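Visitor: Let me give you the structure first, and then I'll get to my questions.
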Ligand SMILES: Nc1ncnc2c1ncn2[C@@H]1O[C@H](COP(=O)(O)OS(=O)(=O)O)[C@@H](OP(=O)(O)O)[C@H]1O
Ligand SMILES: Nc1ncnc2c1ncn2[C@@H]1O[C@H](COP(=O)(O)OP(=O)(O)O)[C@@H](O)[C@H]1O
């Protein structure tokens, strides 16, 4: 950074914003295979927290890959750049006092470690949407597994591109064994416990 001199004392501080919002800021990072349930869970959590008056923001493929990351594909290099930009965006929202839900495949430990480094470990809560590949494939919500199996999509996560499960996630949601509501409640409860002003 040449000739860039941030002036921190001019801006409204994060702590002031958090007091105004009545809760702490942080990033809930949902990782899992396509079809594992990330978007469904994140949307339910967003709705519940918003209704309760939280400053909550959802970042997912629908609002990121169409704009900010619209130039990126699914090579490992592009996925890394995708996650880098998303993590930087999430960091800005945290500074603004938000509880940020990030819903991305984010397939490798290296990629997620980079996100954690950018955001800061103290503000990063990794949630493993832990759904076996067979279940995701049976769901095939968007018909993408069928296309990947037919060779119409190359480099599809879980088929011919890697997915590395988190080793020590903050939450491990076994969606094949519970309802959407139960999975979402686990996340809401964790946010309410961890991101209190006293916590
Ligand atoms: N090759 C390949 N591999 C995986 N996923 C693919 C691919 N091509 C398109 N899609 C669709 O893009 C969604 C994943 O985008 P992400 O931004 O979450 O991926 S990543 O974190 O950069 O790996 C993913 O959405 P979700 O199903 O919501 O996970 C897919 O619908
Ligand atoms: N416990 C659960 N949590 C989340 N989704 C579930 C659960 N049980 C079943 N599902 C279903 O699995 C599908 C997950 O799709 P989606 O949320 O788009 O996944 P992703 O965003 O990971 O690609 C949805 O059709 C959802 O209704």
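In case you wondered, yes, glycine gets a Cβ from its N, Cα and C as well.
TrEMBL lists 106 with the feature active site, phosphoserine intermediate. According to TrEMBL, the feature ATP binding site maps to 32, 33, 34, 35, 36, 37, 38, 39. Per TrEMBL, domain 'APS kinase' is recorded for 26-172.
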Visitor: Using a Cβ cut-off of under 6 Å to any atom of ligand 1, determine which of the binding-site residues 32, 33, 36, 37 qualify.
Guide: none
Visitor: Beyond 32, 33, 34, 35, 36, 37, 38, 39, what residues of that chain have CB atoms within 8 A of the centre of the ATP site's CB atoms?
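Guide: Here the non-site neighbours turn out to be 105, 129, 131, 136.
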Visitor: Of these recorded positions, 34, 36, 39, 106, which scores lowest on Cβ atoms within 10 Å?
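Guide: Minimum Cβ neighbour count within 10 Å, taken over the recorded positions 34, 36, 39, 106, occurs at 39.
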Visitor: Between residue 35 (ATP binding site) and residue 106 (active site, phosphoserine intermediate), how far is it from one CA atom to the other, in Å?
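Guide: Residue 106 (active site, phosphoserine intermediate) has its Cα 13 Å from the Cα of residue 35 (ATP binding site).
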Visitor: Anything from the binding-site residues 33, 36, 37, 39 with its Cβ under 6 A from ligand 2? List those in sequence order.
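Guide: Close enough to ligand 2 are 36, 37, 39.
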Visitor: Other than its own, how many Cβ atoms are within 10 Å of the Cβ belonging to residue 37 (ATP binding site)?
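Guide: So the Cβ neighbour count for residue 37 (ATP binding site) comes to 26.
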Visitor: So among the binding-site residues 32, 35, who's got the most Cβ atoms within 10 Å?
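Guide: The residue with the most neighbouring Cβ atoms within 10 Å is 32.
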Visitor: Non-local Cβ contacts of residue 38 (ATP binding site) (under 8 Å, 6 or more apart, same chain)?
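Guide: Those within reach of residue 38 (ATP binding site), by Cβ under 8 Å and sequence separation of 6 or more, are 30, 31, 32, 60, 103, 104, 105, 129.
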Visitor: Per DSSP, what is the helix/strand/coil residue tally across the domain 'APS kinase' (26-172)?
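Guide: Taking the domain 'APS kinase' (26-172) as a whole: 65 helix, 26 strand, 56 coil.
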Visitor: Relative to the Cβ position of residue 33 (ATP binding site), how many further Cβ atoms are located within 10 Å?
Guide: 25
